[in-house]
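Chemist: Structure in structure tokens, see below.
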Amino acid sequence: MPSNKSVSDAPIVQFTNCRILRGHQLQREDLWVRDGKILNPEKLFFDEKGSADIQLDCKDSIIAPGFIDVQINGGFGVDFSVATDDFKSGIDLVSQKILSHGVTSFCPTLVTSPPSVYHQVLPQISIRNGGAHGAGILGAHLEGPFISKEKKGAHPEHCLRTFEADAFQDLLATYGSLDCVRIVTLAPEMKRSSEVIQELTKRGICVSLGHSVANLSQAEEAVQHGATFITHLFNAMLPFHHRDPGIVGLLTSDKIPAGRRVFYGMISDGIHTNPAALRIAHRAHPKGLVLVTDAIAGLGLAPGRHTLGQQVVEIDGLNTYIAGTKTLSGSVATMDTCVRHFQEATGCSVETALEAASLHPAQLLGIEHKKGTLNYDSDADFLMLNDGLCVQATYIAGKEVWRQDAFGM
């Protein structure tokens, strides 16, 4: 056969004996990869007259897009809301460790903090591709401080802020910079929030509604101004009420602008949301569900005392509380655990469970042309999983970055 060299020097890898998640279905076909991208085999055969340089037998594994975690506060002893001199080594550690749980891209999340913390930490977060060094960083998620005192959850009340007369400038002064920011969670009932939502949206930053006592009309107005996400649905918001369903009502609202979709995060750890609530949300609006871990520094560590930004938290089994209270404060769940629990709790298809952790977060961030699918020309960030949805291997840009048996797991 003619050489492939005329088109690219990069080797072509053919993954065989697998089921690929493509077009919302598991399809029994091979996956072709070159130069960090998913390759169209028809073009290879007919246009280039090429063939594979390397064939890998996947032994009937499922191949799915890499998971994307848009809300993770830290893990393995690292707290993204604590300013340290070695912050970069901390973020590197987390990005490396989450590969074994199938996460190939993430948004490091900061909970409500003093301005000095934002000013120190945000310049140390840089958007970067993933690789052998760890999962890619898509930009920061800033959860607060512009949130409701009544629904502050684990956020420290003394750091909460309202929007002053020049609201957007006030936000800029608080954060210091928006250069690496991808998502901002705020309470839409706050005065002047509409102008802030519009300004953030103009800059391509996703606005999420959360830690809020907003009624449905306030939530709908926020969406009309550009908000597209709900931070951990059901948690830290008014409970559903039949006469005014609050933010939860966005899932079935008829006031969403045409052509727009509202997404919502859910912590599917078996603690934060009753399985019945998970089923209700999923059945009401399946295409908007985004699985998030909301993991804290204690993820991967023994039970005991850890931090979440300015607060001390206690881990007791899978529960994490602000020390001395019963206020939930993030989770210690991994993304692969959340995917398995979601599938079990809802009885949804394997494809649906996997897309809630890959396609949907990519769509939320507007990167579905590159991430979250195995479509031709998209980034070759993918996982091999067994039928129980346990991660066997993680690939970024077509290269293996973690494998279960290689680590004696």
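The count begins at 1 with the first shown residue.
Every residue, even glycine, has its Cβ placed from backbone N, Cα and C.
Caution: TrEMBL annotation is automatic and unverified by curators.
Predicted, not measured: the structure shown is a model, and the values here were computed from it.
Just lifted these from TrEMBL, have a look:
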ACT_SITE  D294  active site, proton donor/acceptor
BINDING   E143, H211, H232  Zn(2+) binding site
BINDING   A154, N235, A236, R243, H272, L328, S329, G330  substrate binding site
DOMAIN    62-401  domain 'Amidohydrolase-related'
Chemist: Can you give me the Cα-Cα distance between A236 (substrate binding site) and H211 (Zn(2+) binding site) in Å, rounded to a whole number?
Modeler: 5
Chemist: Please report how many Å separate the Cα atom of G330 (substrate binding site) from that of the residue listed as 'active site, proton donor/acceptor', as a whole number.
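Modeler: Between the Cα atoms of G330 (substrate binding site) and the residue listed as 'active site, proton donor/acceptor', the distance comes to 5 Å.
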Chemist: My understanding is the cutoff is Cβ-Cβ under 8 Å with a sequence separation of 6 or more in the same chain; which residues meet that for L328 (substrate binding site)?
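Modeler: Set apart from L328 (substrate binding site) by at least 6 residues yet with Cβ under 8 Å, we have G153, A154, N235, I271, H272, N319, T320, Y321.
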Chemist: Return the average pLDDT for the domain 'Amidohydrolase-related' (62-401) as a whole number.
Modeler: 97
Chemist: Around E143 (Zn(2+) binding site), how many other C-beta atoms are within 10 angstroms of its C-beta?
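Modeler: A 10 Å sphere around the Cβ of E143 (Zn(2+) binding site) contains 29 other Cβ atoms.
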Chemist: Taking the Cα atoms as reference points, how far is H232 (Zn(2+) binding site) from the residue listed as 'active site, proton donor/acceptor' in Å?
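Modeler: The residue listed as 'active site, proton donor/acceptor' has its Cα 8 Å from the Cα of H232 (Zn(2+) binding site).
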Chemist: If you count CB neighbours within 10 Å, which one among the binding-site residues H211, H232, R243, H272 has the smallest count?
Modeler: R243
Chemist: Would you mind reading off the Cα separation of H211 (Zn(2+) binding site) from R243 (substrate binding site), to the nearest angstrom?
Modeler: 21
Chemist: Compare all C-alpha positions of A154, N235, A236, R243, H272, L328, S329, G330, the record's substrate binders, and send over the largest distance in angstrom.
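Modeler: Across A154, N235, A236, R243, H272, L328, S329, G330, the two farthest Cα atoms sit 30 Å apart.
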